[in-house]
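Notes follow the structure.
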């Protein structure tokens, strides 16, 4: 029994078999999937999927790769979508200094607008921060954000500790299972379990032994298994139950009415 704290179920890779993908997730005990929009269109799609599949909830935002395309009317529309059912956070939003596909000033402007929206709407925010963790963290602090998830974290141990000390959470993907991810694994095992969340970031980053193939929420148990290996003394079930609590802490608007989170 577990959760997938970050996915992109609206991508074309799922067009032909999404209901089956959801069934496979349920079959391995996934109780909740967070689907994160990356622009206005996919934010709307995330909401539609959340309204179609009970276990799915939506976050809405503008990914830094899409920041240069975002119009003022798009940001206004994102604001309006906050009132929709099953919207639990702003995001995916943030900074990406790896690709720099959008100039940094534009990224920062759009991210700042979404941070202000999250603060005004009293919503958590899902943060993309590839090679920009320090800058993103400072912007969260500047905007007084209390609740954030740094998704798909691959940064240093030092910045991870700063994120945790600021009261935020960190998302762990299938990367943690890769043979070359020893430094990341060493970082994750120094962090408190109550500040971590598992995520697929599907359709990307499938864990071993599915690396290179389409990722999907049913692969979460492989990530849980690896995390359990990094935290001796904790069973996979212990960690799953803790992660359910973590998800409810960071996404307080998640409705648990349709789910049995007791483990019975």
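Just so you know, glycine gets a Cβ as well, placed from its N, Cα and C.
Annotated in TrEMBL:
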BINDING   6, 8, 92, 201  divalent metal cation 1 binding site
BINDING   128, 151  divalent metal cation 2 binding site
**Request:** Tell me whether residue 8 (divalent metal cation 1 binding site) sits in a helix, a strand or coil according to DSSP.
**Result:** coil
**Request:** In three-state terms from DSSP, label residue 151 (divalent metal cation 2 binding site) for me.
**Result:** coil
**Asked** Around the divalent metal cation 1 site recorded as 6, 8, 92, 201, what other same-chain residues have a C-beta within 8 angstroms of the site's C-beta center?
**Response** 7, 36, 38, 126, 151, 152, 199, 200, 202, 204
**Request:** Would you mind listing, in sequence order, the residues at least six apart from residue 6 (divalent metal cation 1 binding site) in the same chain with a Cβ closer than 8 Å to its Cβ?
**Result:** 34, 36, 92, 126, 149, 151, 152, 171, 173, 197, 199, 200, 201
**Message:** Quick check for the class: what is the C-alpha distance, in angstrom and rounded, between residue 8 (divalent metal cation 1 binding site) and residue 128 (divalent metal cation 2 binding site)?
**Reply:** 14
**Asked** Just how many other Cβ atoms lie inside 10 Å of the Cβ on residue 8 (divalent metal cation 1 binding site)?
**Response** 22
**Fill in**
For the binding-site residues listed (92, 201), most other Cβ atoms within 10 Å of the Cβ sits at 92
**Local Cβ density at residue 128 (divalent metal cation 2 binding site) - other Cβ atoms counted within 10 Å** = 24
**Message:** Under DSSP, is residue 128 (divalent metal cation 2 binding site) part of a helix or a strand, or is it coil?
**Reply:** strand
**Message:** Under a three-state reading of DSSP, tell me whether residue 92 (divalent metal cation 1 binding site) is helix, strand or coil.
**Reply:** strand
